[in-house]
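One structure is given here, and the rest of the page talks about it.
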Amino acid sequence: MPLHATLAKHHLSEEFPNASALLYFYFKSIVKNQDAILYYDRSAVGSRTKAVRDLKDYLLGGKSMSTFPVAMSLIASYVSGVTILGTPAEIYNYGTQYWLVIVGVALSCLIVATMYLPVFCTLRLSSSYEYLQLRFNRHVRAVASFLFLLDEVLFLPMVIYVPALAFNQLTGFNVFAVAGGMVLICGLYTSLGGLRAVVWTDSWQTGVMFIGVFLVAIAGTLSVGGVSTIFETAAESGRLELSNWSFVPYERQTGWGAVIGGFLYWTCFNSVNQTMVQRYISLPSKRKAITALGIFCIGAMLAISLCVWCGLAAWTAWVQGGCDPRGAPLVDDRLLPAFVTYVANVQRLPGLAGVFLAGVFGAGLSSLSAVLNACALVVVEDIMHGWMQIRLRPMVEGILARSVTGILAVSSLLMLLVIQKLGGVLGVATALSAIASSSTCGIFTLGMGCWWVGPRGAIAGGIAGAVVAGTISMGTQVAAATGLRSPPLNFTSECVKNASFVFEHSTVDPESLFPLFRLSYHWIAPLGLLATILVGAIVGWFFDERDDSKMDAELYFPLVWRWLPPDAIERAGEIRRIIATKEMDTPAPSSPLILGKITDKV
């Protein structure tokens, strides 16, 4: 079936039994892998060497995880099915300018390694939001925690929906049946295994994801005539252009938008987001955490580059097919499944669809498990322990953490009903994601970089950042819903000669909208971050009173130590020693989290 025909259909009629079979064995292998974890991994039910496991071991893996599995889990935390399906469609329509975001990724990892990571690794906290209570108070910690939970609850359905939709297009299976299988498997091993199960499963699933995307890129390249053909077609249509360094923020893709916007967005995500910090502090030393961050940086850049190449290959296939208007831009996230169908037919590789689906599901399951485990930690450590100041027996808290994981998994499945009927919820979830990431990172940056800012400045800055990012995000989503869309790039000479081709123009005059509602999505997180820092620094300067108990140099960026008050340097390490003393004075749990002794035979 030609690519233009597959792009024209929302649901493919062809069945791929090999895809179904491969995915079946993929799920089966996960269950077997988790059975091994449940019986032999100490984080699940104990082992021969250590019978009693505590809540932090369940949520943080005992802070003794290995570097490479954690690095793979970091990659899985960001690279989801949304990335795999969304990036090729972006390149297909708007060219390779987006690829420069990998520069922002590299800069982000450098900043995280030199500024944020030393603070978290030195304090050795259980949750990133615990820092906000040490630096400000428990109310600031609660605000950031609720923002994180709201962000992740609305992000979970997208993680589930995208792989289920891809599977539906390639096999015809019901979306809810596939999503239910994902939630059941992922919720089961995340609830029972804790962070260890999540990290080790993420490692395997990330490998499957890379294999799937890599095979699609190779087979797609061969199907259109090779690397030189893709470069020539992309260059002729302007999709190989990387020289658009315009400062106009209304253009969807520019060099400055991809580099600066990508740098600040990834910094907001990598630096303080609980799904990332939870893995940093699960490692026994700062050096290993930095090593894991470096591996994550390389892996994320490689994953983005592979998706970019798949988008260029899909564009070349459409041009070679005669630029049929039924498959013309703008296309949505159905592009890559349609391209996989095209490649499988051309190259006579019926198993390619199964490998691709395994990769998409690997990315989706790994992101889902990472979010579920992080949310369980935030509910127990930040909301219950930190804000409500409630502590229960370890057994009860362990059951609560697992219950939170199960409830979130089921609620994400139920929200698919909303997504299917009200497609705008995807845009709303994206908007809320920008609100949470930018304002939360701004609060942390105020705490670590501005020693004069107290609780008033932190809360005022967080509110200001949330309002700015939320207003811009909601406005851009409403504008897109009313018909405003960025036009795709130019076409090749073959497309111009095609008399049947009719370009679809935007139905809304951009000049009629408020300027902020026309901004590129790259600039939403930077503006929210900037508003948080500026308002918080000003309010803190005029309205916050100095609290000597917060003057501990270890609470601040190492780069600002030279400007800290002298007593902050003298009291360096005081808070960390107090925390260590409290942990040593805490009596042993009266009952284990889970029964730690089981039969040696399975």
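Yeah, the Cβs are placed from backbone N, Cα and C, and that goes for glycine too.
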Name the residue range among 66-86, 549-569 that TrEMBL annotates as transmembrane segment.
66-86
State the residue range annotated as transmembrane segment by TrEMBL; the candidates are 254-272, 330-348.
254-272
Region pair the transmembrane segment (66-86) / the transmembrane segment (523-543), three or more CB pairs under 8 Å:
no
Top partner of the transmembrane segment (399-419) among 207-234, 254-272, 355-379, 458-480, 523-543 - counted as Cβ pairs under 8 Å:
355-379
Looking only at residues six or more beyond either end of the transmembrane segment (458-480), which have a C-beta under 8 A from one in the stretch?
132, 136, 139-140, 143-144, 147, 424, 427-428, 430-432, 434-436, 438-440, 442-443, 446-447, 508, 513-514, 516-519, 521, 524-525, 527-529, 531-537, 539-540
Two-stretch contact, the transmembrane segment (142-167) and the transmembrane segment (355-379), at least three Cβ pairs under 8 Å:
yes
Tertiary contacts of the transmembrane segment (254-272) (same chain, 6+ residues out, Cβ under 8 Å):
78, 97-101, 103-105, 107-109, 111-112, 115-116, 128, 242-248, 293, 437-438, 440-441, 444, 520, 522-523, 525-526, 529
Could you pull out which residues elsewhere in the chain have a CB under 8 Å from any CB of the transmembrane segment (523-543), counting only those six or more residues past its ends?
249, 257, 260-261, 264-265, 268, 434-435, 437-439, 441-443, 445-446, 450, 452-454, 456-458, 460-462, 464-469, 472-473, 476
